[in-house]
Structures are given as structure tokens and as C-alpha cells.
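According to TrEMBL, the features are:
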- 119-291: domain 'Mur ligase central' (DOMAIN)
- G120, T121, N122, G123, K124, S125, T126: ATP binding site (BINDING)
- 313-422: domain 'Mur ligase C-terminal' (DOMAIN)
Amino acid sequence: MPVKGEKKRGRALILGMARSGRAAARLLLTEGYDVIALDRTLSAETHEVWPALERMGSIQGLWGEHPLSALDGVEILVRSPGVRHDIPLLKEAYQRGIEVVGELELAYRRIRGALLALTGTNGKSTTTAWLAHILKESGRRATAAGNIGRPLSDAVLEEPPDTCFVVEVSSFQLEDISSFRPHVGVLLNITPDHLDRYASLEAYAEMKWNLFSHQGSDDWAVLPGDLSQGRSLKARTLHFGDAPGVDGVFSLGGEMVCEREGMRELIIPLNRLPLPGPHNQRNAMAAAAAAIAYGLAPDEIVEGLSTFKALPHRMEPVGRANEILWINDSKATNVDSLEVALKSYPSGIILIAGGRDKEGDFSRLKALAVQSIRHLILLGEAAETIRRAWPDVPATMVANLEEAVQTAGMKARSGEVVLLSPGCASQDMFKDYEERGHQFRDLVRKHHLEVESCGRDEETA
């Protein structure tokens, strides 16, 4: 932390004071920067931590309009992931030659330990946490950070220099990297998402591939077999999936195996994995391949693979009442995640879906929806879009999540599942998917007093 009278390093501007912006402020203040914080509003979260930020150093908050004069004297601008590049303030910053980075790039430049980074459309948080768990169980010092909920800037400030940072990275974060170079980079999958932000699926995919853009020949790229064709990467490659024959981690005859240089080695039977479903088998194989690329032997990763526990808001059982199971899958913010959730239960689903549409194609799930959903409860901006896509599924439109939970309780029968799997973003009604999931959990317990918790609180995760 800077001390009184210490020479300042310069002036920095943070555009967007959500979670990553607040973390960037802490990092820059610790290093002695004068910080200007800009956002459209002063959120409750920022208001709460503002006194602590002021105690760390020189910080000024500007809420509302973004005056171009805020750029005067600024050496570096940190753009939060949710802020688009085409706003006037950013255009002016580029014109003035001010360096614009994201919080990810800012924190990366301070890392002294190893960096492993994961991206993809689905499975990022689970695989990131699983990989960090594998490393810890093998005796390495490791921590999960990034888009998983703990900004990398906070992790860099709080962890010892020799920590291995396992970082979840979104496409938005990859827009502002200029030197970010993970020793092990993992691309899990690419399916349509964020098409409200990107002009095409191809543009979205290219941003995901940006993860590998600064790697060298000493680094590793871990890829699913079906995505590796036609790409020339500087890094060495390992693969994962269902098609052995190249170096990597694969499923074969009910087992997870490692193939390296023509040799095949058993890692673990797939039925010993703690999380159900083919998608979690792929997540586990990706985490295993990344751990092997980092330098672990196959027998060093077994403990971490077999003892990992699921994250909140991802097919999380939150209670059971009257033989009805309530599942919180609030993290399902796109059509592909919703598809995985529906396939987990063949029939008897009371589905709560809807939110802010991300231009997903719900119509391709029409047959699956008819097969698995007994009643559909819709809310949010995308409600009518989903109802039109699944005209043969009985549906009820509701105004809010509380009404959805009450309706689900009346519709559900013994032995059925009430599934919150929105298939949409949350920002039309909630701050984020976590707030949506927390509210769902609280509402289930409020309206169904007999519920016995099946899951775990996030604070103990």
C-alpha cells in the first residue's frame, strides 16, 4: 500500500466499477496510481467499499456522464468487460494514444507464478475450479480466479508470488489483451453465444481463439479434438474428448485414459467422477489434460478428479419437498447449457426459463422440450420468443421469479423436477446469474417450508 508522501506512478482511469473494476482500483491504488473511477451510477457494492478505496490512496469517482476531460493526464485506461468499445470516451482515448487494457491484462503483468487460463462457451467455471482443485490436491499452491468470481487483480494482490493462477477467461476479457500469455491455455468448446455483442459466430469464435495469440513454443494449448482442425498454433497441443489417436486425455471403454507418444495409461474409471453427465466427463478430461500439460503425472491427478464438488448455480440441488426436486441451474445463460440441463432428466420437468435473449435458437430444442418438459414457466424479455419456439409445450407466463416459483409448486407432482435453467442472460431482471440463483434458492425455501436442503451454501463452496 502506498504511504503518505510517496511519489505517485501516474494517473489511471477505470471505466466501469463492477467487480473487476473495483479489483483494478485496489491494484492500482496499491501501486501508487492516482485513480479516476467512472460509471453510469454509483452501485451499492461500490458505495460500500468506497471508504476502503479512499484509505488506500488517491481516488476520484465520477458517476453519470463520461466527460472527455476525465482523460486529461491519464496514462492507462482499464475498460471493464461489459463496456463496449464504441462509446465516445473510448474513441477519444484511442485517438489520444492512451493505453487501453482490461483488468485481465492489467493483473497478468504483475504475475510472477505460473498461469493457466481457460475459455469456452460452456463449462468454464466448473473446469477452472476442478483444475485448481486437482493442482491443490497434488500438493501445488494454486488458486482459481478471473471470470469465476474472483478478479485476477485481487488474486495477484492476495496470493504469494509462487502461486499457480488458474484463470477463467471470457470472450469479453480477451478483447483487451496485448501480452496475456498463459503457459497452459484451454479452449473447452465454441457454440453460439453473445450474438447480441458479436456480429457473427465466427467473430465470437475468433475472440475465443485469441487466448492463444501470445503463446510460444514452450507453452501448451489444450483443445477438444473437434476444434483443432485447420488451426496453426505456436504452442504444443494436447487434446481431450472421445476420439483417442493423438496425444491427450480421452474416454475409452468407460475409462479416462492418457495417450502420450504412443503410450496409453489409465487415469480413472469414468464412474468415479463425482459430477454426473457426459458434459462433466468432458470438463474432467479437459482439466486432466491441462494438469498433465502443466507437468503432473496421471497418477497425481486422480485424487483431485475424484473429490471435486459442484459449484453453486450449476445443476445445483437446492431442496426437496413432497418428493419434488428443485434444481438451480441459473448459470445456464444460453441455449446449449439449457439443452444439457434438459437431457439430465428425460421427462417430468417443470422448467422455469427466460430472461434477456442472447439471440439463441430455441427452436432447435423443440423435440427435446416436448419430450422432457411437462409444463413450462416463462418470464423475462425472451418469454414470448421461447413460447413461439415450443408451441406444443404447455406454458404459463409470469411476471417475476417469485410468481414462477409459486406456479411451479402448484404444477409439480411427486417424483418430478422443478428446474430453473433460463437459457438466457439475467440482466433484464437481475444484476447477474448469481443473484438470480440466490433469489431462486431463497424463494424455494420461503414457499416450500418442508424443503430439506440438498446442496450447499456458496459461502462454503
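Backbone N, Cα and C define each Cβ position, glycine as well.
Under DSSP, T121 (ATP binding site) is assigned to coil, being neither helix nor strand in the three-state scheme.
Cβ neighbour count for G120 (ATP binding site): 24 (other Cβ atoms within 10 Å of its Cβ, all protein chains included).
The ATP site is defined by G120, T121, N122, G123, K124, S125, T126, and by the 8 Å test on Cβ atoms against their centroid, the other residues of the chain that qualify are L118, T127, L188, N189, N283. In this structure, the binding-site residues under consideration are S125, T126, and the one with the smallest number of other Cβ atoms within 10 Å of its Cβ is S125. Other Cβ atoms within 10 Å of the Cβ of K124 (ATP binding site) number 23 in total over all chains. In sequence order, L188, N189, H279, R282, N283, A286 make up the list of same-chain residues 6 or more apart from G123 (ATP binding site) whose Cβ falls under 8 Å from its Cβ. All chains included, 24 other C-beta atoms sit within 10 angstroms of the C-beta of N122 (ATP binding site). The Cβ of T121 (ATP binding site) lies under 8 Å from the Cβ of L188, N189, I190, T191, P192, D193, K208, N334, D336, each of which sits 6+ residues away along the same chain. Taken residue by residue, the domain 'Mur ligase C-terminal' (313-422) breaks down under DSSP into 38 helix, 30 strand, 42 coil.
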